[in-house]
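Copied over from Swiss-Prot:
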{"type": "DOMAIN", "residues": "9-248", "note": "domain 'ATP-grasp'"}
{"type": "BINDING", "residues": "50, 57, 58, 59, 103, 106, 111", "note": "ATP binding site"}
{"type": "BINDING", "residues": "203, 217", "note": "Mg(2+) binding site"}
{"type": "BINDING", "residues": "268, 325, 326, 327", "note": "substrate binding site"}
């Protein structure tokens, strides 16, 4: 689950991570009052008005502005709220700005990078630091890997003091800045673990001329599987930032991710779903979605899956690929048949069922009288999908 920058900073503050003073605003008037409060507290200077969307690259897209007065904050907020911000992470459709973060200005000396996430290749959390703050870390890793340090964190020992010091040394910090950075890194790791995060990224991490080490920006993602331990975090979810179809699918316990292809996919199991998408691509098609109906698939979830897939106007064919281990193929077949009767399925449907009760399921499909195309094996299914696309 993703959250906004201001929400992430509030959580980090609770774990002792140093973040700027900030006030969230949902209107231009609230932004004006927030700027007035902050400017009074800091005795003038500048404050920053930041658009709050679930995407990076806001600064380059005009979503981060420096202002020197409350009236200027009002003008900037008026321009931002309600507009669509397009960045390299939003896609061409962009995201509508509905809230702002008004934050104290910083006297910046250095911009650095700090992040903690799971390294799936080593099955360990990894601490990453770079002297290239404000840059896309993927770009730094590709073009100047010598400027990025990765430190593997032992799963039972956790982040050790010497590792935090190693990271601070790599960043070229000394004296009070070094001490503050070590404390910051340790506090961020503590927050990452106790909040069950999948990502805690500070970009940029800034060092001020006064020696403060502070999170100028913060991106926090949670492990959805651990949210049952953090009921208060669930309320932070902003569904307006998510794809409406993905939100609708989650209500039926369906794992759905919308893509830009023309072949709808309904599969049980994430691994099989990814393999199915690869086969479609290799056969010449393009998957329109990732949809995992899970091990508890039943006629109702299958029908809901069809309804969600068909909401995408780009879908020209649907592939149902089920391997019946936990889920029984006849239950899935029943859902396919009911969906075909109750929903206007106006595109070809190719069905491949293997495993538990596959013979019964195939008989059900054959006797249904519906125009469903059966496939034997995944390669055959992908081939028939593309034949259907060619004939459309």
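Every residue, even glycine, has its Cβ placed from backbone N, Cα and C.
The structure displayed is predicted, hence computed values, not measured ones.
Projection of Swiss-Prot feature records onto the structure.
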residue: 50; record: ATP binding site; DSSP class: strand
residue: 57; record: ATP binding site; DSSP class: coil
residue: 103; record: ATP binding site; DSSP class: strand
residue: 203; record: Mg(2+) binding site; DSSP class: strand
residue: 217; record: Mg(2+) binding site; DSSP class: coil
residue: 325; record: substrate binding site; DSSP class: coil
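Within 10 Å of the C-beta of residue 325 (substrate binding site) we count 13 further C-beta atoms, all protein chains included. In the three-state DSSP reading, residue 268 (substrate binding site) counts as coil. Residue environment of residue 57 (ATP binding site) contains 15 other Cβ atoms, counted within 10 Å of its Cβ in all protein chains. In three-state terms derived from DSSP, residue 111 (ATP binding site) belongs to an extended strand segment.
For the pair residue 103 (ATP binding site) and residue 268 (substrate binding site), the Cα-Cα distance reads 46 Å. The ATP-binding residues named in the record, 50, 57, 58, 59, 103, 106, 111, extend over a maximum Cα to Cα distance of 19 Å. By the criterion of other Cβ atoms within 10 Å of the residue's own Cβ, the least surrounded of the binding-site residues 106, 326 is 326. Annotation for residue 50 (ATP binding site): same-chain Cβ neighbours under 8 Å, separated by at least 6 residues, are 5, 58, 63, 64, 100, 101, 102, 103. Our reading of the substrate binding annotation (268, 325, 326, 327) yields a largest Cα to Cα distance of 10 angstrom.
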